[in-house]
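According to TrEMBL, the protein has these features:
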DISULFID  CYS112-CYS139  disulfide bond
DISULFID  CYS170-CYS197  disulfide bond
DISULFID  CYS230-CYS257  disulfide bond
DISULFID  CYS410-CYS437  disulfide bond
DISULFID  CYS470-CYS497  disulfide bond
DOMAIN    26-83  domain 'Sushi'
DOMAIN    84-141  domain 'Sushi'
DOMAIN    142-199  domain 'Sushi'
DOMAIN    200-259  domain 'Sushi'
DOMAIN    380-439  domain 'Sushi'
DOMAIN    440-499  domain 'Sushi'
DOMAIN    523-572  domain 'Kazal-like'
DOMAIN    570-626  domain 'BPTI/Kunitz inhibitor'
DOMAIN    631-681  domain 'BPTI/Kunitz inhibitor'
SIGNAL    1-19  signal peptide
Amino acid sequence: MRCVQSFIFGLFLLQLARGEDNILGKTCPPPEAPENADAIGNNTAGSVVKFLCKEGFYRLGNPHRIRCQSNGQWTKHNVSCVAVSCGDPGSPLNGKRKGWLFQYNNSVTFDCHRGFKLEGPNARTCLANQTWSGTQPICKPVPCEEPPKVPDAVMFGGGFVFGAHVYYTCNEGYKLKGQDTLTCGEDGKWVGETPVCKVVTCADPGTPQHGSTNSTGPPFSYLSMIFYKCNDGYILYGSDRRSCVGEGEWTGVQPFCVECAGVNTPVFVRNGQRFIHGIIQQKSKNIVTVLIDSSKEQRDVAIFGPGTQHYIIVEDKLPSPKNIFLGTRVIAMQRGTYIFAKVDAINGDKYSLTFEDKQRTKQTVTLEHIRNLFPPTFCATCSDPGKPNKGFRTDNLEEFIVRTEVEFGCEINTRLIGSSKRTCQPNGRWSGEQPTCEITSCWDLDVFPPKNGKRIGDDFSIGSTVTFSCDEGYELDGESKLTCRPDGQWSDHTPLCKDRCEGVVCKLEEKCVYNSAQGVRCVCRDNVDCPADLQPICGSDAKTYNNYCIMKATACREGKKVEKVADKSCSPGGICQINPASKCRAYFRNFYFNVTTNTCQPIVAGGCHPSGWNGFPTMEDCNRTCSVDVCSQPTEPGPCSNTIHRWAFSPKAGRCKRFNYGGCFGNENNFDSKEKCNKRCPPVITEQGNKACPRCTQRKLREACKSSSIGELACCRRTFSMEIKSDKSELKIIVVTMVVIKREYCFFPVFGYRKGSKQPVSFSQTFHRTLYRGAL
């Protein structure tokens, strides 16, 4: 026995030495771990191996352990290791992200739009702790170097980054050549040709005929002046000076010299057939004031051409012989005064004249006694003073004689520099200096706050800025900041405030709103947001609305569904039974149906009955609606969707039955209680399934009702049934038909039904006459 045991034990040791299967079970092959996992444990029979996911992965499936079975096979598993996700890292503003895999060990890269430069890492990697490596980069606009300086120019603008603009304005006396604006480009360089400012010069304006010029400063240079002067015997028409200004333009227009009579020129004033000598004092349009020598009298004389019959002013100077011909009409001296005469003959320096006096006197005179008959040439004593740029003059004079005063003013946003008043002097020049109007500010109306927005800043002087912002729900369309430029113009147009809801489509019952927290969204309208049109409709909730929009908006706010059931106001069923009483004090004379007297009557009502119905407008409407056989009308729930418990008489059942009323319209077979229904439509007695009422099929009942004061039909309906106990136990129910006529009882044969039988049997019963105190 001991030898056998020793043999077995030795065999076991031999097996172990040879590496054969364990006598307790087979050894399993090395376990195959899932991808991205490690197997922890050995493969001996009965051993357990545990799967652990590597860093950056998490386990899915069960079981996560396997066991080596005695048959040398591992237990089954469905474990897998899935990479963790870091989520979408987002894209930088004005940039973009490349890459759509956000799991462990995956990377995404970043890039910026044109004109922007990446600041921060251009790539990020998803880490095992589900975070991205590094920090989120940002895209900053590409900067430009300081824009080029232009000699003799002023630059406006700032923020020298992509998209920024700078503007150049030449100093006074210089003219800009090239573009006045440069833009910072996407490559960090300024886009556009750098302008230059060149010295302003003017072209030679020329010299007027019969005149001369001289100038100040270098000829034709910026702000240089040219002065004009006429030769003796001529007067200047126009300004006596011009300046080279702006971008090389001369102020005013070129003057010219004309020969003229001028102030104190001797003239002749016609007085009938004779002419009176005088001296010119002043002139306004075609009216000349003349001082008459003989009487020192002043006379205003209208200027007309030769041969007119009005006062004629002629020059007091010798005519030229070349202007005197046979037949020429002149004025000539006759006995110390001048009168009309006609040249009859010319003999050397002698002229034979026929005077136009009454005697037609003839006389021979020399040229010294003759004056030509033509008006003189009148010129303004001073040239037109003009008016300053962006200014005005207070007078409307076209001609300026000595001592004429003119006054100047400037437009809004400018100030006057120079003389505000000037006087025409005897030398034909104006006193003082010609004024100019200097721009001081920009127009405030050009930067009026936009609709649905506001303006910040009330300083409109040169170089000042104003900013704009919009109310909530609106966004700015245009430049938010404007600058007043030296030319009195704003740097840009006033921006607009654009509705953020523009283009957003909402349902009829909704409106678009915006707030910074929730953005643009559609919400239920308020009633005031709907049109004010009064087009009453009835909703399926039995309420009357002013129009369809208000109905849908109300339903939206209350969170319910309401549809239109009629294009008119809702009215309740059973309107003939409505009591007109209400708590209001209005005075409405309408018509109601009196259910006690069964007639239509005029009643003064308060005008706000809870049902929304305030009576019939006419007696005819009331009679047409209420004088009907109510009890024969069908049960009508109406088109509305409410559930209101009402009672209606059922002709088929012969009694009042409850039904669900929708809340609007319907008919008069509609009662708010069973009692009211039974009172108007009492239950009907049937015999063998045939209706005894309301047609009164029983002859005796019909005959009895004929003499009723309430009418045959009403009498027939006021029958009733009751249960009584019989002496004979084989009868269960006895139906007694009784009609009350004038407080009397009419009894008819009694019918009963045996137990278990549907056939009626006649039965005699003694009834006692009693006084009936019921409703009949």
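Glycine is no exception: its Cβ is also placed from the backbone N, Cα and C atoms.
Remember, TrEMBL labels are computer predictions, not curated facts.
Note that this is a predicted model, so its numbers are computed, not measured.
Taking the features listed in TrEMBL, we show where each one sits on the structure.
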residue : record         : DSSP (3 states)
CYS112  : disulfide bond : strand
CYS139  : disulfide bond : strand
CYS170  : disulfide bond : strand
CYS197  : disulfide bond : strand
CYS230  : disulfide bond : strand
CYS257  : disulfide bond : strand
CYS410  : disulfide bond : strand
CYS437  : disulfide bond : strand
CYS470  : disulfide bond : strand
CYS497  : disulfide bond : strand
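Put simply, of the disulfide-bonded residues CYS112, CYS197, CYS230, the one whose Cα is nearest the Cα of CYS437 (disulfide bond) is CYS197. For the pair CYS470 (disulfide bond) and CYS112 (disulfide bond), the Cα-Cα distance reads 30 Å. Same-chain residues at least 6 positions away in sequence with a Cβ under 8 Å from that of CYS112 (disulfide bond) are, in sequence order, PRO92, ASN94, GLY95, LYS96, LEU118, CYS139. When the disulfide-bonded residues CYS170, CYS197, CYS410, CYS497 are screened for a Cα within 10 A of the Cα of CYS230 (disulfide bond), none qualifies. On a Cα basis, CYS410 (disulfide bond) lies 24 Å away from CYS170 (disulfide bond). Listed stretches 26-83, 440-499, 523-572, 631-681 were compared with the domain 'Sushi' (142-199); the greatest number of C-beta pairs under 8 angstroms is found for 440-499. According to DSSP, the secondary structure content of the domain 'Kazal-like' (523-572) in residues is 14 helix, 10 strand, 26 coil. Long-range Cβ proximity for CYS410 (disulfide bond), meaning a same-chain Cβ under 8 A and a gap of 6 or more residues, is found for PRO388, LYS390, GLY391, PHE392, LEU416, PRO435, CYS437. For the pair formed by CYS497 (disulfide bond) and CYS197 (disulfide bond), distance between Cα atoms is given as 38 Å, rounded to the nearest Å.
Per DSSP, the secondary structure of the domain 'Sushi' (26-83) breaks down as 0 helix, 23 strand, 35 coil. For CYS197 (disulfide bond), the Cβ neighbour count at a 10 Å cut-off comes to 20, with all displayed protein chains included.
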